Amino acid sequence: MVSQIIFIAITLAAVALFSYNLRKIIRNIRLGKAANRTDQPQKRIMTMVKVAFGQTKMFFRPIPAFLHLIVYAGFVIINLEVLEIMIDGAFGTHRVFGGLGSLYNALIGSFEILAFGVWLACAIFLIRRNVLKLKRFTGVEMTKWPKSDANYILITEILLMSAFLTMNAADAKLQLLGSGHYINAGAFPISQYLQNLLPDTEGSLVAIERGCWWFHIIGIFAFLNYLPYSKHFHIMFAFPNTYFSNLEPKGEFTNMKSVTNEVKAMLDPSFTPEEAEAGRFGAKDVNDLSWVNLMNAYTCTECGRCTSVCPANITGKLLSPRKIMMDTRDRLEEVGKNIDKTGNGFDDGKSLIDTYITREEIWACTSCNACTQACPINIDPLAIITDLRRYAVMEESQSPASISAMLGNIENNGAPWKYSPADRFNWAKES
Amino acid sequence: MNEQLNFEVPTMAELIAKGEEPEILFWVGCAGSYDERAQKTTRDICKILHHVGIKYAVLGTEESCTGDPAKRAGNEFLFQMQAMTNIEVLNAYNIKKIVTGCPHCFNTIKNEYPGLGGTYEVIHHTQLIQDLINDGKLKAEGGESFKGKKITYHDPCYLGRGNGIYEAPRKALEVLDAQLVEMKRCKSNGLCCGAGGAQMFKEPEKGNKDINIERIEEALETQPQIIAAGCPFCMTMLSDGIKLKDQNENVQVLDIAEITVRANGL
């Protein structure tokens, strides 16, 4: 009875803390400007099913895709087991689904195989990061915290899977001993090999089984509450992120409505603009970006596929699309904390541009869309870069001298070079 | 080969004066109008249009920058000013269909003009060539033979990833009976030439290599005789790269329109 109360209390606390943090993050995302991403719901659902559930974009790199698929399947399917754990914990039952007989055995058996797969995949991921030191996991933005974050996630998953398998091994041994409520249920294709490592006395086995059971479920709750601080948030946000992803051709940049109003008024003095959202042109800080950009930032898993295909980054420039996303999230978290402390409207004198992202980075982008193509969950660093450029050019009139000259040429001659419009048709006359 | 056009290129103003309408407007673009290398491609596109007898026209001096480089550089004002002025001209001429010689113009007019009041059917010249081949109006005969020649095609970002057009340019090369070889990074994984996003008009940021060198090295790995391009900016970057690698005697960088013209002896 006591353990049931403790279990329910821990569950409620974990869920409450998580929803508290999740609400804050949603509030932060809502600091962003409006963006219309609710059209074509059918196409959006299909995109989510293909890209997030089906992980189609992952398979561009087959090895990590395969390993990731095991971890993903393990996560989703082993959650069925968590359902049993929740019921057992709340009602003081043991293996409540055990009555399902051979179906239950098949389920537990497959969970074990998956758990072992997850264990192995995470171990390989750790080796890739820490021993092989793949280039994709390095870079200026991959400082101590992002590297530790990745390792914590992998180690936690290995520990959770180890606890699950050890729990089953102890349980199976107790079943053989005919101990108390340890009914004969389950198949143990993996954990059977652990049985010999465990003690033979009933008391220690019960202690191990219970210990692992509690470790497993508390571990899951702890992991849940770690998500809001971690890159691992993608396990949730990948779904809305792909649902709300850009469905237009990648080459198309948004037309800024606020600018359309001004340009129309300039060309036609009788034009009366519709209400447009006030604010600055482009983005100086995170709240000038759209909520989609901000959600993108919380979704980013820092896998670095974007950066590894970025032509600027490949050739040694400072720009890294992954850093753009990480900076956006870090700055948004900072702005969120400012709001927590002092309410809206507090100015800490910092901004996304300059404090986090330098001018050198934004001007190195070729807008080639390699990053958006490479992202397995449709994150768009290019949209943020473009909005930062818009701020620099339209609000500050600051751009590299040659860019300013190019803009001047378009304005004066209708071409980015210094040629006379009168000569535009000369190509047909000369040889 | 005589590069001089032996026919007049019709302008919209002339056609309208005669009370005629073109089937398609050829949007030349700034590079196609002013850049010496791109002008050649422009004339070749005209040769193709003239050869197959499509009724076409250009805007001539009435054309102006689409605003693409301004938009990518962040100057939305200038972009929309250019766009609305161009749309006014295009709509006044009742234009329905446009072919462009540049993926940047193509992308801008096709995707960004409709929201500002300019909706047209827009195709890139490689799509036009593909259509003409499919319709049997264009073959690869009567000119230079490309049979067995090693050709690698560089995907322009704004045609490929930007708009998902990977097959049309390749179709236009397939009729040559040449040996098409793909670079390691091609199609949706293609590497930028380094000119997009207004980079064409500025020096690159500090780094350890220029992007066009990275690309040209990859292209040279396929040991091509011809590197095929479909964009005037890519053309500049790739040609510069070939020169810097001292390979301009061995490898030619040619637009698909130029290859088509040569293959047909136009």
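Each residue, glycine too, has its Cβ placed from N, Cα and C.
Whatever TrEMBL says is automated annotation, not expert-curated.
On a predicted model such as this, the values are computed, not experimentally measured, just so you know.
According to TrEMBL, the protein carries these features:
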DOMAIN    A:291-321  domain '4Fe-4S ferredoxin-type'
DOMAIN    A:355-387  domain '4Fe-4S ferredoxin-type'
TRANSMEM  A:6-23  transmembrane segment
TRANSMEM  A:65-87  transmembrane segment
TRANSMEM  A:107-127  transmembrane segment
TRANSMEM  A:152-170  transmembrane segment
TRANSMEM  A:213-229  transmembrane segment
Positions on the same chain near the domain '4Fe-4S ferredoxin-type' (A:291-321), where near means CB under 8 A and six or more residues out: 25, 28-35, 37, 60-61, 135-137, 139-142, 146, 149-150, 231-234, 237-238, 240-241, 244, 328-329, 332, 358, 360-362, 364-366, 368, 370-377, 379-385, 387
Short question: most Cβ pairs under 8 Å with the transmembrane segment (A:6-23), which of A:65-87, A:107-127, A:152-170, A:213-229? A:213-229
Per the definition of 3+ C-beta pairs under 8 A with sequence separation of 6 or more, do the transmembrane segment (A:213-229) and the transmembrane segment (A:107-127) touch? no
Over the domain '4Fe-4S ferredoxin-type' (A:355-387), what is the model's average pLDDT? 98
By Cβ distance under 8 Å, which residues at least 6 away from the ends of the transmembrane segment (A:65-87) in the same chain are close to it? 11, 55, 58-59, 93, 95-97, 107-108, 110-111, 114-115, 117-118, 120-122, 124-125, 157, 161, 164, 213, 216-217, 220, 235
Take the domain '4Fe-4S ferredoxin-type' (A:355-387) and count its residues per DSSP category (helix H/G/I, strand E/B, coil), listing them in that order. 18 helix, 1 strand, 14 coil
